[in-house]
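**Student:** The transmembrane segment annotation in TrEMBL covers A:6-26, A:60-80, A:87-106, A:130-153, A:180-201, A:207-227, A:239-258, A:270-287.
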Amino acid sequence: MLSEIALYGAFETGLIYGIVAFGVYLSFRVLHFPDLTVDGSFPLGAAVAAVMIIDGFNPWLATGMALVAGMGAGAVTALLNVRLHILNLLASILTMIALYSVNLRIMGRPNIALLSEETVLTPWYELDLAFHQVPVALFLLVSLVGLVMLWRFMQSETGLAMRATGANPRMARSQGIATGWMIVLGIALSNGLVALAGALFAQSQGAADVTMGVGVIVIGLASLIGGEAVLTPRNVFRALLACLVGAILYRLAIALALNADFVGLKTQDLNLITAVLVTLAIVLPNARHSVKSFFSRS
Amino acid sequence: MISADNLQLTFGKGTPLENPALRGLSLKVDPGEFVTVIGSNGAGKSTLLNALSGEVMVDSGQIIVDDKDVTKLPTHRRADRVARVFQDPLAGTCEDLTIEENMSLAIKRGMRRGLGSGVKNRYRKRFRDALAELNLGLENRLGDRMGLLSGGQRQAVSLLMASLNPSSILLLDEHTAALDPRTARFVLNLTCNIVERHRKTALMVTHSMKQALDVGSRTVMLHQGQVVFDISGEEREGLEVPDLLSLFEKQRGLEVTDDSLLLG
């Protein structure tokens, strides 16, 4: 039903979107900050990495700078909210819109091809792996390192303070936590991760495009919510794992839907499928509950 | 030590809903004093606590805690000196965090937080010992989510959290009001023990005049944003609720019913 290449492809993009989902988890779940900057910081990461790679910089340095640029974008959103008291959702939309121009400025044109350039993937093709397995191996490594580092961070003194800021800001303040700065740090970190994912995505797809960010926030949310439905996270580790699992499941579902000819879906139906999947992921856990209570009543 | 001098605070200034909450309130509390605060609705009790903790900024006047002028400091920059327990038992803790994570947040109150482990092994023994004294069996549930605890248990843990590291003043905002009578008594006893053992300077707002007289060493009554009377020592010994009421009437030349104060 699904070719081997399509299967690995689903894992490859799934792992990248898993990193996006880490970022979305930080903003939506930990800080309760609905942050749409993501749609702009994903292509921002791609743009920064692509331009630096074209200019001959080391691809890992380019990817690192993409992360830093993403953190800057996140910090702008958070400061608009914390310092200028603009509603969080609106603040993130403002940054997202602004980033569209910024990304065009960085790239100088709507898209940059990376096909013949040296990327973070290039040295990995020397390994004794099939061509389509290489990105999966590398991105698995990157996302697992990200997972462990985030998990450790969430257990640290600052991580605890950040979780308290999202869960109970009044209590956090009375414990001496500067909640405003915690939001700036958290949203910066979140968008840094998303930009990192954007940089990896551009290198694996062989191009950076200014429109590649459209709908990334929905994909991140789909992965987050889907993963939560499957894993019911009780602690931070499981929640982060759910991000990865959710993102891979999401990509597998998309690949299946597109590959199954009898369903008759085409690539242009992707966003519709995504919206349907997110809706199902939100509704189904509750539906299961109501079905159970329906039977226990009778 | 708390010194509040001539505090003025008006909510909604310049609007039709203008509401003066504090009108030149002054109060001096010596180190180790346990003051109970009473007053009817809108007397300014909660506003006073919010002003002392930094949740609201006063329009004018000066607040000194332990020789430091904190008038202009936001809440988180006063937290090293001010510990607080809220009326809502759910407000003082994070329900998504475990008991030990909540307590670890409190042990670093007002200090720098770095990237070191948040819950340290050496904390755990302290937490367990402190929780064991509550006799609620919580000492074996350090890793449980706070949300699994009852309101009374959460309020007891909030109190412990307020006493984990030295703060000079403890603010209690009707912290037993939302609990059932038995749990309220338990939390009140715990409060007295903690204040006594750690020699805290404490300010407790209460809606019960009886509680105000039974607990602490001094009682202050607020009315319309000012201190109307302030009794301590021998004068306070043997005082009953009706005496308190007549004292209030004498001070203000007003007729007040027990109800309006009790419910306030």
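Numbering starts at 1 and runs along the chain as displayed.
From the backbone N, Cα and C atoms, a Cβ is placed for every residue, glycine too.
All annotation found in TrEMBL is predicted automatically rather than curated by experts.
What does the local environment look like for each feature on the list?
**Tutor:** For the transmembrane segment (A:6-26), the residues of the chain that approach it from at least six positions outside its boundaries are 35, 38, 42, 132-133, 135-136, 139-140, 142-143, 146-147, 150, 186-187, 189-194, 196-197, 200-201, 204, 216-217, 219-221, 223-224, 227, 239-240, 243-244, 246-252, 254-255, 259, judged by C-beta separation under 8 angstroms.
Panel annotation: around the transmembrane segment (A:87-106), residues 33-41, 43-44, 47-48, 51, 73, 76-78, 80-81, 210 of the same chain, lying at least six beyond its termini, place a Cβ under 8 Å from a Cβ of the stretch.
Remote same-chain partners of the transmembrane segment (A:130-153), defined as residues 6 or more beyond its termini with a Cβ less than 8 Å from a stretch Cβ, comprise 4-5, 8-9, 11-12, 15-16, 18-19, 22, 26, 120-121, 124, 159, 193, 196, 200, 204, 236-237, 240-241, 244.
Within its own chain, the transmembrane segment (A:207-227) has Cβ neighbours under 8 Å at 17-18, 20-21, 23-25, 28-29, 35-36, 38-44, 46-47, 49-50, 100, 103-104, 107, 110-115, 194, 198, 201, 233, 241-247, 249-250, 271, 274-275, 277-278, 281-282, counting only residues six or more beyond its boundaries.
Counting residues 6+ beyond its ends, the transmembrane segment (A:270-287) has Cβ neighbours under 8 Å at 215, 218-219, 221-222, 225-226, 229, 250, 253-254, 257-258 in the same chain.
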